[in-house]
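Participant: Take a look at what Swiss-Prot says about it:
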- CYS21-CYS43: disulfide bond (DISULFID)
- CYS40-CYS121: disulfide bond (DISULFID)
- 22-150: domain 'Ig-like C2-type' (DOMAIN)
- ASN93: N-linked glycosylation site (CARBOHYD)
- ASN110: N-linked glycosylation site (CARBOHYD)
- ASN114: N-linked glycosylation site (CARBOHYD)
- ASN135: N-linked glycosylation site (CARBOHYD)
- 1-18: signal peptide (SIGNAL)
- 19-157: topological domain 'Extracellular' (TOPO_DOM)
- 180-218: topological domain 'Cytoplasmic' (TOPO_DOM)
- 158-179: transmembrane segment (TRANSMEM)
Amino acid sequence: MGTLLALVVGAALVSSAWGGCVEVDSETEAVYGMTFKILCISCKRRSETTAETFTEWTFRQKGTEEFVKILRYENEVLQLEEDERFEGRVVWNGSRGTKDLQDLSIFITNVTYNHSGDYECHVYRLLFFENYEHNTSVVKKIHIEVVDKANRDMASIVSEIMMYVLIVVLTIWLVAEMVYCYKKIAAATEAAAQENASEYLAITSESKENCTGVQVAE
């Protein structure tokens, strides 16, 4: 049990140490008329490296062939292209207050069927090193389908089941630990009581012998 606890704690520490930036895939099913978040996360390989980043998003509507630019975000300024499909519907939801963008996500409000298609999140990053600078670029591709109502995918169902299984396992483990500790404390208490009783009997016996010796001497 102690080994299991050590493994759990160790995993938590590792997770927290690497938890500064985690690349997560976006959801791909948007509900008509609702607000939908398209995730785009691009982590630096070395967090201590200074960098400046900007992004451009492009979109290819379902049934068409060409990608068109819908926005650019640079120096904390969101520049939207003139496009009726996205007019008044795009909201920046990525990193703020920094030029070193790692979360480049957006919201699309009041989703319509015209928003079904392929999105590309282009990430352009300039890395500053001691003696030189280095440009990198990454493209995150996301395919979005717009549906009438939300459908739970298999991944979310499995995740929920695993969560409940984990809760049950941890509860059983906690109860077992409590029972184990209780038995250990009870055994230690009983041993201490027996030891005290033995000492008391030994002292009583010795006192009687001393008293008998005194009487004989008299």
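Keep in mind that glycine also has a Cβ here, set from the backbone N, Cα and C atoms.
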Participant: Could you check which of the recorded positions (CYS43, ASN93, ASN114) sits closest to ASN135 (N-linked glycosylation site), going Cα to Cα?
Facilitator: CYS43
Participant: Can you tell me how the residues of the topological domain 'Extracellular' (19-157) break down into helix, strand and coil by DSSP?
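Facilitator: Breakdown, helix to coil: 7 helix, 64 strand, 68 coil.
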Participant: Within its own chain, what residues at least 6 apart in sequence put their Cβ under 8 Å from the Cβ of CYS43 (disulfide bond), listed in sequence order?
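Facilitator: Looking at Cβ-Cβ distances below 8 Å from CYS43 (disulfide bond), excluding near sequence neighbours, one finds CYS21, VAL22, GLU23, GLN102.
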Participant: Given a 10 Å Cβ-Cβ cut-off, pick out the one of the disulfide-bonded residues CYS21, CYS40, CYS121 that has the most other Cβ atoms nearby.
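Facilitator: Sorting the candidates by Cβ neighbours within 10 Å, the top entry is CYS40.
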Participant: Taking Cα atoms as reference points, rank the recorded positions CYS40, ASN93, CYS121 by distance from ASN110 (N-linked glycosylation site) and give the first.
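Facilitator: Its closest listed neighbour, by Cα, is ASN93.
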Participant: For CYS121 (disulfide bond) and ASN93 (N-linked glycosylation site), determine the Cα separation and express it in whole Å.
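Facilitator: Distance between the two Cα atoms comes out at 13 Å.
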Participant: Could you tally the C-beta atoms, other than its own, that fall within 10 angstroms of the C-beta of ASN110 (N-linked glycosylation site)?
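Facilitator: Result for ASN110 (N-linked glycosylation site): 12 neighbouring Cβ atoms inside 10 Å.
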Participant: Cβ distance under 8 Å to ASN114 (N-linked glycosylation site), same chain, sequence separation 6 or more: which residues?
Facilitator: GLN61, ARG85
Participant: Can you tell which of ASN93, ASN135 has the most other C-beta atoms within 10 Å, given these are the glycosylation sites?
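Facilitator: The most densely surrounded of these glycosylation sites is ASN93.
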